[in-house]
Structure formats: C-alpha cells, structure tokens
C-alpha cells in the first residue's frame, strides 16, 4: 500500500493537490487527525475493497494532535507501508495575498495578524518539512503546473492523463445544460421536426443524420467545431483540466443536437480522443 501525507502551509495548495491525486486514482481524505491515521490505515488493509493508494491531507487544523503525525508515520513505515510526505509551501507574500483574496482567517492568526500566523505555522511545521520526501513551492505555479509537478514527483508518467470529453445533446426548451464547459446552439440548422415523415425519428436514426448533414452548413459547422475542440484540448490539459463537457443544443433535444453530438463524438474518437456521448433529454422522445 502507498500512503501519501499531504501537508504544509495553510494556503499553499494542499486541497488542490489532494484533488489532483484523487484524479490520479488515490483514495483521498481531507483534514485527517494524525491520531486516527494508524486506525484508518489498519481498517483499509482489512477492508474487502482493495485500496492500494491513499492520500491524506494533514495540517495544522489538527491542533495538538498534529504532534502525533511523525510518530504515526514512523509506525506505518515499521509496518512496511510505503509512506511519502508531500509538503506544500509558498512565500509569505503569496500566502498573505491568497488569504486576503479569499478573505479567510489564518488558523493561527492572533487578532487577524496573518503574518504572525504564518510565522507560527512555519515554526510548528519545521520538523515535518525537514522530513518531507518532496517539497513543492506553489508561489508561481498554475494548477496545470502543479499537476505536472505531482505527476513527476510520484513518477506517474504512465498514468492516463488524456482529457475525458463528454458530449451531451439537450433541448433548450427543457433548460440549458448547467454543467457544460462549452455550449453550442445548432438551432440555425433546418429542423426535421416539421417534416412529417421525420418527426418521430431521432438523431440516432439514419434518416435524420442524412437530413441534417444534407446541408452544407451542418458539415461546415462540424468541421469548424472539431478544429476548435482539438485546438482547445491541449490548452485545457495544460491548465490541469481532466474533464470537458460539451453541450450541443437544439429546440427539443431529439433531432439536430443528437445528430451533431453523434457526429462530433465519432470525429473526436477517430482522432484518438477519449469521448463519451449521451443525450440528456432522451426521456422526452
């Protein structure tokens, strides 16, 4: 079993690092009391559900229990468990700026004095920092750069980091797709709903596909859409994004949006992308 202890300065990116590790297959827990670490690992090893990689965020919020951390880590290592300490740090200036931007009190600040709180925290964390396997300074890192640092630190070069793309058709009359990163309105295309023999078919049927793509503007739109998505994929990946939801909307979510969503998925898959297609309003067909 591999256990990563994510710790470090408040505001340095422990939560973001935990989310990155979760995306990479780690079972993650936030604000784990050090005194419960041994018990949790013991329960995990005895569990029927096989968990091989765990990441626990342990920080100064643990109060007096934080002093138990190094003792717990030593005991885990004595059990032949692979324990690594990932320590997140940042300059005082950056930490102060982050706290002011988010308007949150530092856990060790006295009378709102952030600088003094940071100083107190550095002193309390000095032993853990000196024992860390890896220290990442996030002062000037974007989320994407932090992700790449973590991949490098834990030798996860073989992890599948390809952006997962979800293409979802929907009908505007049933509401916009709220969780979409990108939304495209295809109501500019002729609507097969008004052709009696096509009305009952859906965009999954050949007759609707043939009708929609019988218009030059549909083919031109698809070509431009594929080009744009392929342009954006590496940009999103660079910033650490792991999932991209693309919404394709028409009036009812049955004809045009479905045909375009299916065609977009096929084109992206043909380019080697990892794509999943779904049709939100299929229940209304």
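The backbone N, Cα and C atoms fix where each Cβ goes, and this holds for glycine too.
Annotation note: residue 8 (ATP binding site) sits in a strand segment as assigned by DSSP. What Swiss-Prot lists as ATP binding site is 8, 9, 10, 11, 12, 13, 14, 15.
Residue 60 (GTP binding site) carries a helical DSSP state (H, G or I). The Cβ neighbour count for residue 60 (GTP binding site), using a 10 Å radius and every protein chain shown, is 19. For 59, 60, 61, 62, the entry in Swiss-Prot reads GTP binding site.
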Sorted by sequence, non-8, 9, 10, 11, 12, 13, 14, 15 residues with Cβ within 8 Å of centre, ATP: 59, 88, 89, 90, 138
DSSP-derived class (H/G/I helix, E/B strand, else coil) of residue 13 (ATP binding site): coil
Among 8, 11, 13, the most crowded of the binding-site residues [Cβ within 10 Å]: 8
Among 10, 15, the most crowded of the binding-site residues [Cβ within 10 Å]: 10
Between residue 11 (ATP binding site) and residue 59 (GTP binding site), the C-alpha gap once rounded to whole angstrom: 11
